[in-house]
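Have a look at the structure below, then the notes.
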Amino acid sequence: MLRELTDTHPDAHCELDFRTPLELAVATILSAQSTDKGVNLVTPALFARYPTALAYAEADRAELEEMIHSTGFFRNKASSLIGLGAAVVEKHGGELPHTLDELVALPGIGRKTANVILGNAFDVPGITVDTHFGRLVRRWGWTAEEDPVKVEHAIGALVPKRDWTMTSHRVIFHGRRVCHARKPACGACSLAADCPAYGEGPTDPVQAAKLVKGPSRPFLLARVGLADDGEPAPAPADSPAGLDAAAATPSAIEQDVP
Ligand code: SF4
């Protein structure tokens, strides 16, 4: 399944835009109860206005709340960002620390956020257990644990450490695009042959294909031999359209799929 996941989601990556560890920490805090796409709309202006931890520490609360309003829970998030800035300045000289223990001690940063930061800003392998990740690994029988920390440890024991970060992205990509909470697209899923939960969603390819989301949809359908309408794709050698679908790569995919 890991191999198939890798081949199915060659474009898997952190879908939050950032340039520095601090920016990723801020974006991840804002992503709670919001979509990555929504966060990415807000962060360019935010990062320009608050380029350092000190800038967040000294932020005018009303102005900060206004800038992040659209991401929801803006009062709590503003408190987290101001507290994060102050703590990073006071305890870490203005630089975000890069150990799990130090990160989770900062305001607004829980274990999930810390693992996102470690894996994507510091290249320290981390497993990100969000709602998609937990649902999928339980469906696949990789663990029966419900508690995110226990899930993290269970999957950490199954997957080589060097693959933790990318496996997290691939599982989350699959959860956002194919294996949805209510109606997983089983009939159009490249993992179907190995999945113990096959049949939890529609197995009819035409119905299932409609459930596959995101800009890489043609690529995902082509991987299971389907055209855009869920009908079997024409043989590549006979059809330029089939060739296009088979050859489609989900390059430069930046659009978030909640
Ligand atoms: S077969 Fe169905 S339940 Fe299994 S991974 Fe695919 S979409 Fe999810």
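Placed from the backbone N, Cα and C atoms, the Cβ positions cover glycine too.
Note: TrEMBL annotation is automatic and uncurated.
TrEMBL lists region 'Disordered' at one of the ranges 131-162, 227-258, namely 227-258. Together with Cys179, Cys186, Cys189, the [4Fe-4S] cluster site in TrEMBL holds one more listed residue from Cys14, Cys195, which is Cys195.
Around Cys179 ([4Fe-4S] cluster binding site), taking its Cβ as the centre, 25 other Cβ atoms fall within 10 Å, counting all chains. Other residues of the same chain near the [4Fe-4S] cluster site, with their Cβ within 8 Å of the Cβ centroid of Cys179, Cys186, Cys189, Cys195, are Arg139, Val178, Pro184, Ala185, Leu191, Ala192, Ala197, Tyr198, Glu200, Gly201. DSSP assigns Cys195 ([4Fe-4S] cluster binding site) to coil in the three-state reduction, outside any helix or strand. Each of the binding-site residues Cys186, Cys195 was scored by other CB atoms within 10 A of its CB, and the lowest score goes to Cys195. For Cys189 ([4Fe-4S] cluster binding site), the number of other Cβ atoms no farther than 10 Å from its own Cβ, over all displayed protein chains, is 26. On the 0 to 100 pLDDT scale, the domain 'HhH-GPD' (30-177) averages 97 in the predicted structure.
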